[in-house]
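Copied from TrEMBL, the annotated features are:
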COMPBIAS  796-806  compositional bias 'Pro residues'
COMPBIAS  807-818  compositional bias 'Basic and acidic residues'
REGION    762-818  region 'Disordered'
TRANSMEM  124-150  transmembrane segment
TRANSMEM  171-190  transmembrane segment
TRANSMEM  257-278  transmembrane segment
TRANSMEM  299-319  transmembrane segment
TRANSMEM  331-355  transmembrane segment
TRANSMEM  376-397  transmembrane segment
TRANSMEM  417-439  transmembrane segment
TRANSMEM  486-506  transmembrane segment
TRANSMEM  518-541  transmembrane segment
Amino acid sequence: MLMPGPDTRVVELRVHGVLGTTAKALTDSVAAVDVAGDGVGRVVRPADRMRRPAPGPVLQAGGRSVPRTVEGYVWGRMTSGGWAKATWALLFPFSLANVAHWMLPPVPEGNRAARMAGTVMRALLRLLSLMLTLLLVTQLAVVTVDLLATQCLSSGSSCLPAAPSWLRGSNVLRAALGLLPIALVVFGLHKVSMVEWRPNQPAPAVPAQHLSNMPAASVVADPDTPALRALHTTGALAIAAFVTLGGPAGPLSSTGAAPWVVSAVLLAVTGAGVIVLDDPTATRPGLRARRMFGPLARRVLITSGALVMVAAVVFAPPLAGPLPGSGDTVLLLGVALAAAGGVVALVLAFAAWAARPASAGLPPELRPWAGGWMAAPVLVVAGLLGAGFGAGLAFALRELLNAPEPQLPVVYRGVTLAWGVGAVLWVAGVSVAVLVLALTRRVAERSDRPAHTELGLLHADRTQDGRVAARAWWFAELEHRHVHRLVLGAAAALTVGVLVAGAVAVSRLAMPAWAAPLSAVGVAVLAALAAGLLRGVYLAARQPDIARRLGLLADLAAFWPREAHPIVPPCYALKVVPELAARAMEHLAHPGTRVVLVGHSQGSLLAVATVARLLRTLPESDRARVGLVTAGSQLQWAYARAFPAVVPYSSLAELHAELGGRWRSLCRGTDVLGGAVCTWSRQVYGGKLLGVGFRKDGAHGPLPPAARSATGALVLGGDHWLPDPRPEPADGRRWSPGVLGHRDYTADPEWDLAVGVAAGLEPEPSLPERRRRVPDGPLRGALPPTRTVLSRPAVLRPPIPSMPEPRPVKDSDDAPTH
């Protein structure tokens with residue numbers, strides 16, 4: 001531990017989670033002001049009555065008072081709030097496809113087959129993402145070109161009676177009216193996909209090989225993103241013209257043959273282009289594909305797509321009756337998506353099998369979700385959400401038109417049937433699971449054995465608090481263990497629905513009688529999905545709080561850079577992490593300053609990535625002045641399991657070892673979103689909390705028994721388990737009654753202790769050594785000395801005896817009285 005000097009001070013640099021927060025809430029003050037930043041990424045401090053930056057509360061650590069400066073980094077303007085941010089929810093299938101890329105399993109070093117499988121999966125993911133874009137534009141064409149321009153505005157139609165006759169009689173004007181909204185949407189998507197968050201004060205660059213074994217080391221900007229964006233824009237323009245001119249069956253008129261061929265060629269070029277673009281680490285600056293899609297080539301492609309759309313207006317075929325090309329194109333894209341998704345699932349199964357050794361030493365509850373195969377069900381949900389939203393929009397519009405003429409493509413019957421079957425199966429499965437879990441909980445409540453043995457230590461002699469906490473612990477553990485199974489169940493149910501719809505379609509028979517109610521359920525679900533999302537965006541424009549809630553999933557997805565799909569929210573990590581590192585280095589320029597990065601919830605991932613960068617940038621003499629505190633973190637139960645190649649447990653263990661005990665994690669068993677980070681396999685044995693976790697040597701194994709801190713928390717390894725509800729108010733601390741769960745970690749008195757340990761000013765809490773008097777010689781009549789050899793570590797899985805009732809903590813015990 002680095003000894004403090006007379007000029008020692010602590011800078012507590014806090015980072016908040018998703019949904020945004022205010023500067024006052026982040027700094028836990030009644031007023032706060034900006035002290036640095038560009039307005040998007042803001043560095044704030046508490047302020048006095050004159051709105052001047054004020055020092056933070058003094059930190060009592062190491063038997064002395066240490067000056068403390070509390071700063072917060074507010075990044076909420078990059079994600080949450082505003083109607084423009086809420087509209088990303090409409091494009092959530094794109095974000096899911098992009099996130100699926102980061103969920104791929106790690107590639108074992110030296111395994112050539114696994115490396116080739118990774119290349120194939122990334123190429124197919126980019127192709128699937130392109131097809132999602134094409135499907136969105138095609139379904140917009142079904143609405144604007146087919147339903148409106150071709151059917152509703154045709155001569156003699158009773159739909160839209162206010163439309164003038166000169167518009168109904170002009171083929172070119174109707175085609176222009178149908179394609180103009182699509183052109184505006186594509187232009188808007190292209191513009192929003194160009195938005196990037198750039199650091200205002202970038203920290204010194206760290207070579208990729210130096211960060212390769214640290215958490216989130218691969219979260220870097222892809223230099224191929226501009227080319228990928230141009231290919232998606234070109235494909236979107238080309239598919240709109242392709243549908244209007246006739247679709248897969250060929251051009252509907254001789255005058256439109258040439259633009260139809262050009263649109264088909266552009267679609268082929270975009271498909272081939274996204275396949276060959278694969279260089280996520282930018283380690284090959286002379287990549288041939290990147291040179292092929294340089295700035296000039298990108299302009300030529302986008303211009304060609306725009307011109308072919310104009311040609312589709314000029315040479316549009318006679319627009320009368322349902323448009324033949326719309327349904328066929330939707331069907332073709334649906335079949336292509338299903339085929340590519342099936343190949344990805346098969347290749348991913350092999351890649352997950354090859355990556356098993358990386359998690360072989362971990363208990364089942366810490367291994368990757370679905371064995372590393374989680375990207376496949378995420379892709380299924382992304383594809384069917386994309387198809388379902390477009391179909392729901394078409395059904396909702398047809399009901400609004402309230403006319404007999406508009407007919408939807410026949411393929412939409414299959415979409416509604418698939419969603420109807422999937423919805424019924426998913427609801428039935430969730431209902432059964434809820435019933436089983438409720439019965440299990442009832443049995444556990446009636447049994448004498450507590451469900452969570454830690455509760456007897458955290459809430460000793462507080463029966464009512466223990467009951468309230470037990471209920472919250474159960475719900476939190478339920479989410480941690482089963483949230484990914486909801487996605488797996490949804491993907492399985494929707495897959496069964498697709499198979500049923502495909503079987504009905506292949507049989508070429510009329511929809512069976514048993515399928516009609518299911519199809520009606522699908523229509524209702526899809527219409528509600530489309531109407532709900534559109535209404536949410538409308539309300540978000542009026543009420544920012546609704547926009548923040550609607551943009552929650554987009555906030556989580558926006559952490560990941562654009563890799564598989566370019567039309568996703570800009571990655572805020574590419575700005576937040578460098579600016580946090582630069583701010584920390586600015587403070588560390590003063591020799592007596594110690595910087596503690598504090599991350600709450602999603603901010604813990606940002607703080608971990610920042611500390612990893614700092615440890616690879618700073619000289620070794622300055623690294624001891626950097627500490628880390630995470631609170632309510634998802635690093636263990638979610639990120640390390642969902643993204644095993646980006647946040648593997650080995651990287652967390654190495655970071656923990658390099659910090660040398662200066663990584664403290666505050667956690668509550670009642671927190672449904674956060675959890676432990678540094679320990680697992682916890683159990684109470686002999687009245688002590690035991691467990692396995694990260695050790696200072698970089699490995700993981702059995703840990704010493706948990707110690708009780710002066711505030712009543714149980715400290716096991718790097719995890720500080722906080723009693724929730726708090727037993728009583730603490731002097732000088734804000735009081736928050738009731739179960740706090742995921743909020744208000746700063747109100748707990750354990751907060752200052754964790755900051756002091758992370759700053760290297762306090763030793764790690766540990767049990768006092770019990771000295772035993774050893775006689776000078778062997779006792780008369782004593783047995784000869786023996787040696788006991790344990791066949792296995794007793795801490796890992798000891799037998800759990802029946803536990804006695806919790807007893808009050810006395811002065812002679814490990815925990816002092818309050």
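Just so you know, glycine gets a Cβ as well, placed from its N, Cα and C.
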- Item | Intrachain neighbours beyond the transmembrane segment (417-439), with Cβ under 8 angstroms and 6 or more residues off its ends | 384, 388, 391, 478, 482, 486, 489-490, 492-498, 500-501, 504, 511, 515, 517-523, 525-526
- Between the transmembrane segment (299-319) and the transmembrane segment (376-397), are there three or more C-beta pairs closer than 8 Å, counting only pairs 6 or more apart along the chain? no
- Task: Look over the recorded stretches 124-150, 171-190, 257-278, 486-506 and say which has the most C-beta pairs under 8 A to the transmembrane segment (331-355).
- Result: 124-150
- Query: Who are the long-range neighbours of the transmembrane segment (257-278) in its own chain, taking Cβ under 8 Å and residues 6 or more past its ends?
  - Reply: 119, 122-123, 126-127, 129-130, 134, 224, 227-228, 231-232, 234-235, 237-239, 241-242, 245-246, 250-251, 289-290, 292-293, 301, 304-305, 308, 311-312, 315
- Message: With Cβ-Cβ distances below 8 Å as the criterion, list the same-chain residues six or more beyond the ends of the transmembrane segment (124-150) that contact it, or say none.
- Response: 91, 93-94, 97-98, 100-101, 160, 174-175, 177-179, 181-182, 185-186, 228, 231-232, 235-236, 239-240, 243-244, 267, 270-271, 274-275, 277-278, 319-323, 326-327, 329-330, 333-334, 336-337, 340-341, 343-344, 347, 375, 379, 382-383, 386-387, 389-391, 393-394, 397-398, 401, 406, 408-409, 564-565, 567
